[in-house]
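Scroll down for the structure; my scribbles are underneath it.
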Amino acid sequence: MASLARAMLALLALYAAAIAAAPSTTTALDTTPNGGGGGNSSEGELSPSPPPTPAPASPEAGAVSTPPVPPPSVSRRKPPRNNNRTRVHGDKATAHGRKRIVCRERLFSARVGDAVSFGCAVFPRAGETFEVRFYRRGRFRSPDADPEYFDEPPRPELPRERLLFSSANASLAHADALAPVVVEGERATVANVSGEVSVRVAAADAETEGVYTWRVLSANGTEVRSANVSLLLYSQPEFGLSAPPVLFGEPFRAVCVVRDYYPRRSVRLRWFADEHPVDAAFVTNSTVADELGRRTRVSVVNVTRADVPGLAAADAADALAPSLRCEAVWYRDSVASQRFSEALRPHVYHPAAVSVRFVEGFAVCDGLCVPPEARLAWSDHAADTVYHLGACAEHPGLLNVRSARPLSDLDGPVDYTCRLEGLPSQLPVFEDTQRYDASPASVSWPVVSSMIVVIAGIGILAIVLVIMATCVYYRQAGP
């Protein structure tokens with residue numbers, strides 16, 4: 001029983017020690033700022049107090065020693081970072097949190113001809129100046145595009161680098177005076193309003209595309225900070241294809257136009273005849289540039305069936321032309337492109353025969369193998385009578401027609417011109433001109449000449465008869 005009593009007393013002593021240690025640990029946690037703790041606490045933090053050692057039991061009670069209770073775990077957090085030390089667009093903040101140069105945007109993409117405005121806020125320190133410079137560079141060139149062949153050389157480019165504005169002059173008039181130096185016609189102007197230095201381009205073109213740099217300079221001219229704003233331009237082209245009519249036997253022709261594209265050297269163009277590639281030897285290319293730098297490319301193909309491998313030859317009865325297709329790809333930049341494609345089949349005409357003659361007081365015009373949509377007309381627009389003579393035997397689908405009109409009442413020579421109208425303007429003119437002389441001398445001379453011919457004929461006949469009679473007489477009178 002004595003040993004059981006000693007064990008009970010030991011348990012009671014252990015419980016009392018645990019109760020005594022709990023208040024001391026709670027106080028240590030409450031005095032730790034920001035919830036921090038641990039042996040590596042920052043300056044001004046309090047470490048938790050260790051629990052007191054429990055009192056041993058009296059020898060009389062036979063007390064047993066117990067191990068100390070470990071302190072509860074405490075979370076550790078790093079102090080908050082100083083957000084004033086940041087980098088925005090490469091500009092390091094000052095000690096008071098203000099950056100030297102702050103730009104709203106760093107990249108502008110605009111269409112050629114549009115008005116563009118951009119700028120940066122500049123905060124120089126005492127003794128510092130700032131300026132704005134322009135660098136003409138960074139233009140996109142597609143490696144897949146075709147070379148450009150100019151009918152006329154483009155205008156000479158201005159210097160690649162120019163000063164637009166400098167605060168050292170402390171005058172906006174200075175900026176306005178420098179603007180025409182960069183681009184002719186005062187297309188770029190600079191304004192400084194309360195440290196916001198903005199550039200306005202009235203009509204963005206090839207000479208205003210590039211990099212605009214804001215620079216902060218120290219008193220000795222050394223660059224302290226700089227920021228760049230890039231202006232990239234584009235112009236989506238217009239695409240068109242035309243195929244003028246041709247005469248049978250002539251090369252087929254088509255014209256493809258890619259109008260007002262930009263960047264320069266950003267178009268690839270190919271020709272196909274009935275989906276067979278056309279060799280570049282049968283293609284003529286030319287390029288022109290407008291005042292804004294936009295390009296217009298004109299490509300002309302002249303090809304026969306024999307020039308394109310794979311095309312079937314056409315005989316005289318088959319005037320069908322191949323389908324001529326123009327395909328162009330415009331590269332706006334290194335990742336974006338647009339494809340254009342259109343096909344046309346030129347119309348083939350057979351040459352018509354037009355002739356004028358005079359019959360019994362009428363001028364008669366004959367048109368052979370004429371298209372149904374065409375008609376015969378006189379140059380003086382005189383009233384006429386049209387006759388349809390039937391189909392053209394050589395070329396089915398074509399007609400033979402005739403136009404007759406009375407001769408003029410005017411005395412003297414008169415020209416009569418008959419022309420085939422209603423055909424496309426690209427074809428040659430089919431016409432014929434004959435002259436009829438209605439003067440009295442010209443009219444009577446045929447009668448006189450006829451009488452002379454008759455009299456001469458009678459005289460010759462009489463002479464022949466006399467000779468024959470003489471020969472017969474002498475033959476009969478012979479011995």
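The backbone N, Cα and C atoms fix where each Cβ goes, glycine too.
The signal peptide annotation in Swiss-Prot covers 1-22.
According to Swiss-Prot, the feature region 'Disordered' maps to 26-96.
Annotation comment: Swiss-Prot describes 75-82 as region 'HDB1'.
Look at Swiss-Prot and you will find 75-87 tagged as compositional bias 'Basic residues'.
Swiss-Prot lists 95-101 with the feature region 'HDB2'.
A sphere of 10 angstroms centred on the C-beta of Cys103 (disulfide bond) encloses 19 other C-beta atoms. DSSP gives Cys103 (disulfide bond) a strand state. Positions annotated as disulfide bond by Swiss-Prot, on the basis of similarity to another entry: Cys103-Cys120 (among others).
What Swiss-Prot records for 135-140 is region 'HDB3'.
Swiss-Prot lists Cys256-Cys326 (among others) with the feature disulfide bond, giving similarity to another entry as the kind of evidence. In the structure as shown, the Cβ atom of Cys326 (disulfide bond) sits within 10 Å of 27 other Cβ atoms.
In the three-state DSSP scheme, Cys418 (disulfide bond) falls into the strand class. Cys418 (disulfide bond) is surrounded by 24 other CB atoms, counting those within 10 A of its CB over all protein chains shown. Among the features that Swiss-Prot reports, disulfide bond is placed at Cys365-Cys418 (among others), with the record citing similarity to another entry.
Annotation for Cys392 (disulfide bond): same-chain Cβ neighbours under 8 Å, separated by at least 6 residues, are Leu368, Cys369, Val370, Leu398, Leu399, Asn400. Sequence annotations record features per position, and here Swiss-Prot assigns disulfide bond to Cys369-Cys392 (among others).
Mean model confidence of the topological domain 'Cytoplasmic' (473-479) amounts to 66 (pLDDT, 0 to 100 scale). The topological domain 'Cytoplasmic' feature in Swiss-Prot is assigned to 473-479; the stated evidence is sequence analysis.
Put simply, of the disulfide-bonded residues Cys103, Cys120, Cys256, Cys326, the one whose Cα is nearest the Cα of Cys365 (disulfide bond) is Cys256. Separating the Cα atoms of Cys256 (disulfide bond) and Cys120 (disulfide bond) is a whole-number distance of 44 Å. Counted within 10 Å of its Cβ, the other Cβ atoms near Cys365 (disulfide bond) come to 26, all protein chains included. Cβ neighbours within 10 Å of Cys120 (disulfide bond), excluding its own Cβ and spanning all shown chains: 26. Its Cβ placed at the centre, Cys256 (disulfide bond) has 27 other Cβ atoms within 10 Å.
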